[in-house]
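One structure is given below, encoded as structure tokens.
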Amino acid sequence: MGLAAARNKQRFGLDPRNTTWSNNTSRFGHKHLEKLGWKPGSGLGLVPDSTTSHIKVSIKDDNLGLGAKLKKKEKQDEFDSGECTGLDVFQRLLGRLNGNEQTISDELDKQRTDNIINGKWGIHFVKGEVLASTWDAENKQLISYSMGKKRPVEGSSDSEVSDRKKTKKVKKEKKVKKVKKEKKEKKEKKDKKEKKVKKEKKEKKEKKLKDKHSKDTNEITRDQMLKPRDSAAVVPDAVSTRLSVRAKWIRQKRAAVMDAKALNEIFMVTD
């Protein structure tokens with residue numbers, strides 16, 4: 001392996017300097033600006049010696065975020081090392097070799113003090129206490145918002161203090177009333193629920209007793225089954241038909257059923 005650095009692949013567009021667009025004088029924007037008094041080589045806006053170069057298109061070939069390269073270009077001086085650790089020691093060494101040790105040391109100490117005041121470990125904190133501006137343009141001084149609402153002004157009158165106390169008292173009374181009302185509603189709701197549960201239990205119990213009573217009344221005992229019915233005691237008159245023999249046999253059978261003693265003998269029941 002050699003000592004050559006790693007190769008970085010570069011990508012260029014078809015027209016990296018955007019000369020095709022800048023040299024094209026037939027486009028609408030070029031003609032319109034010339035009608036308004038603009039000439040090629042002059043700047044735009046109120047200042048004539050402003051930027052005269054055209055827009056150049058560049059391809060993003062890295063994984064850096066948007067604005068990273070601009071931040072790198074915004075270095076205040078040669079000592080602005082950003083977040084690179086250990087570079088201040090190297091700069092002190094270079095300053096000692098070049099004879100500017102005191103100047104570089106003062107500059108680095110100043111940067112370290114600013115970093116301690118403005119941020120911590122590369123994090124810069126922004127005070128977000130209020131959204132209003134803290135600078136009074138008319139009086140040309142900073143506006144202090146600390147404890148402005150909690151402590152009363154020294155020159156406040158007794159009427160303002162009494163009004164404030166009265167307002168606090170009214171708020172407190174409203175709060176107490178609200179709490180009492182909520183407690184009362186909660187208690188009423190609980191009582192209503194308990195009454196409903198008791199009523200449901202009572203109805204359930206009554207229904208159960210009613211079902212039990214109806215079951216007892218509908219139950220047929222053996223004595224009731226053996227007891228002859230009233231309809232069996234009524235024997236219809238004999239009908240003179242061709243089925244008189246069968247009718248006679250049916251009457252005899254009914255007569256046997258009517259006799260309780262005969263039924264006991266049939267079912268082998270002893271008193």
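Numbers run from 1 along the shown chain.
From the backbone N, Cα and C atoms, a Cβ is placed for every residue, glycine too.
As stated in Swiss-Prot, the feature region 'Disordered' covers range 1-26 out of the listed 1-26, 27-52, 53-78. Helix first, then strand, then coil: DSSP counts for the region 'Disordered' (1-26) stand at 4 helix, 0 strand, 22 coil. Look at the compositional bias 'Basic residues' (165-205): DSSP puts its residues at 41 helix, 0 strand, 0 coil.
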